[in-house]
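Below you'll find the structure I mean.
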């Protein structure tokens, strides 16, 4: 896909002035030049054209708000003065994997007063003696060269990575919000279940009490029955004894 078509796709029905980040990696440039990009992208802050076959940045439009420019894995060998003219507020520039052979090629970057980070990995210039020391002298505004400062301390995560992490955090927050809503929705059900369990326990206790009281009543009835039987037995025995005495009395009279 050529660069013009890629830009059209990346717009996604937006106007160029609405775009702050534009990634054109791995598309095809026409004759090694930037095409389809105009100064209408006035709000653009991040532009990535990795591995698109660029040999020049001459066609770069005026992008006053551009902060980060990714140009790695192309065939750029010079003409960097255009960057100072068209992107005066650039803070991060990645030229890794290009055909930059000597310090004079990057000298025009001195005019980029806001430039803090420069990457030249896999460029021939990195093979020069005292490469790092000389680049820091040439570009005193630099804080990081190839990811490390003058004291060889590694640079923190780039703004682009922080931006992506910010998006991830927003997604995580949304996920957490959905989970919280789910928990809130589920809470009444949990309460109903707990109330149901409590009701079941109370009903169970009442049934146990009824069973116990029923058993006690049965025992009382049995006891009452035994007492009645004993009383009947005693009464019957008393009557029998009385009859025996009466019969003995009659025999004596005879």
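Cβ coordinates are placed from backbone N, Cα and C, and glycine is handled just like the others.
TrEMBL entries are annotated by machine, without manual review.
Under the heading domain 'U2A'/phosphoprotein 32 family A C-terminal', TrEMBL lists 128-146. The compositional bias 'Acidic residues' feature in TrEMBL is assigned to 166-235. Annotation source TrEMBL lists region 'Disordered' at 166-254.
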Please indicate, using numbers and ranges, the residues of the same chain that are 6 or more beyond the domain 'U2A'/phosphoprotein 32 family A C-terminal' (128-146) and have a C-beta under 8 Å from a C-beta there.
102-103, 106-107, 109-110, 112-121, 155
For the domain 'U2A'/phosphoprotein 32 family A C-terminal' (128-146), what is the mean per-residue pLDDT, to the nearest integer?
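Result for the domain 'U2A'/phosphoprotein 32 family A C-terminal' (128-146): average pLDDT 98.
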